[in-house]
Every structure is written in structure tokens, then in C-alpha cells.
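First up is the structure itself, then whatever we jot down about it.
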């Protein structure tokens, strides 16, 4: 593996290797003080973000520092991109400065694969358009594996805006590769055409979807969808598809809940469901576990691509 531009095409053995490596790093993050071998000392990683980010950018920066690497943070607004510089020129100039790897977030689908085609340095996709977000899917896989002890045979339901979600796409690929069953639940306007051909079940009612699933991954609803004709209103979407305690209580069994963030509270997920980390109740929020696992997964990816 020379780059990580997506999970598509990666064998199960590679995903398991990354998850196993991340598990070791997660154990290290639980120790006080955190101490890790400086495997990437004297390496410099360019964090090239053309879109805003909190969790992904900071966790990559922490991951790099834990392994002894330095980081260079790039934002489009404060760079020569604001003066018209192209993506390819930006990458070539950073490469000429002898950076060792690129972590790229970009609004255009396929941007990471394009950058990988013009540089000899490893490229890690931190989210490109509606294409993929591979490290988010890996941290979700790690979170599910920690909770259940396995991935194979699980029934995972992805709830929300499937049509525009790179997180959904990478999760579907990763979960299927490791043997999980997958369902999606959304209004038909937020489902890709012919999604059933991906080998996933399709639900348009949340109660039936929850009854089927072992765990739920809730996606952020981009608020502009309410004015774009995809949903009647935020209120109606929340009433039909928002994950609430009342809907989960009808299951009478515990349901682990994941969300990639940022959260639209009381729209796609209620405060109670987002914040509950243990019973009483029938939901178990895994959101903070996901955040911690994000650092561990990104350490594993940097290790795999850069450690010699």
C-alpha cells in the first residue's frame, strides 16, 4: 500500500492489519503518560485541507506528533490558492520542500487519487467530495470491533443523507469487505439510485431499520438539504428520521450509536442519544470512543505508509 486514497480495492487482510495496529496504539493512548516510539522522527507531513475540519485535522496532527513527526498545516484561505494557484502546483511546491507525505481534504471527488498520480510521496485521503473518507470508516470499524469483538456477521444500519456522504460510501466498502451486513435508511430523495446493487438493504422507515440492526451509524444532515428540495423541512426530517430515545426505547435492547460529527443536535440525533454512554436506556453513544479511535487509526495509517 503506497497511498490510502480509499478503501475500495483493499483486501480484508490490509484492513485487519490496520485495525490490529490501531488497537495497539489505542491501548497506548489509554496509558498515562502516553509514550510511543518515535518511528517517524525527522518526517514532515503536510496537512493540506481545502475544507474545514476539527476532528480529522487535529487527530492527524496528534497522530503525527505521537510518532515523532512534524506537521505543516495548510488552509486554502491563507495560501496561494487564494491567488489562483492550482492544486497540482501546490502539491509540487510542497514536494519540492521535501515533505514526506500529504494528508489531503478537498471538495472535489477524486482529488486524492489525482494527487497520488502526480507525487511520489504517500497520499492519505482525509475526505474528497462525495467519494471516500477512508480513515473515518477505519475508526468506525475499530469502534464496532472493540464493542462487539468482531465485524463479520454484524448488521450495521447507516441512517441519513446517504446520497451526499463520503462517510457512508467508505463504511459500506469497509464493512462489506470484513463480512458485515449493511442497510441504509433515508428518505428516497437522499438515497443514491440503484443503491441496492451495492448489496445493501434499503429501509425508508426507521423503526424497521432499527429492529433489523445491531448498531447504527448516524450521518450529519447538511442543513442546506432543507432548502434544496431533498426534504420537506428539518422538522419533518427530524420527526421521521431523527434518532431519539423514544425510537430506541421501542427496541427493548441496547443499541450502540456512532456519528462521524459534527452533530446537528435535535435534528439527526437527540441530545440524550448523543450523550448517553451507559444505561439506563437503550442507546450507548460511541461518539467519544470514535474520536479517540480516530487518533489511533491515523497513527496506524501513518505507521503503515511511512515507517521503514
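Using N, Cα and C of the backbone, Cβ positions are placed for all residues, glycine too.
Swiss-Prot lists 55, 56, 105, 133, 136, 261, 262 with the feature carbamoyl phosphate binding site. Under DSSP, residue 262 (carbamoyl phosphate binding site) is assigned to coil, being neither helix nor strand in the three-state scheme. Within the same chain, the residues at least 6 positions away from residue 262 (carbamoyl phosphate binding site) whose Cβ sits under 8 Å from its Cβ are 54, 220, listed in sequence order.
Counting every protein chain shown, 19 other Cβ atoms lie within 10 Å of the Cβ of residue 220 (L-aspartate binding site). The L-aspartate binding site annotation in Swiss-Prot covers 83, 166, 220.
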Query: For the binding-site residues listed here, 55, 105, which shows the highest count of neighbouring CB atoms within 10 A?
result: 105
- request: Using DSSP reduced to three states, classify residue 136 (carbamoyl phosphate binding site) as helix, strand or coil.
  value: helix
Field: Cα-to-Cα gap, residue 166 (L-aspartate binding site) vs residue 261 (carbamoyl phosphate binding site), nearest whole Å
entry: 13
Query: Among the binding-site residues 133, 166, which residue has its Cβ surrounded by the fewest other Cβ atoms within 10 Å?
result: 166
- line: For carbamoyl phosphate, with binding residues 55, 56, 105, 133, 136, 261, 262 per the record, max Cα distance (Å, no decimals) returned as 16
Field: Under 8 Å by Cβ from residue 136 (carbamoyl phosphate binding site), same chain, sequence gap 6 or more
entry: 56, 127, 167, 170, 171, 260, 294
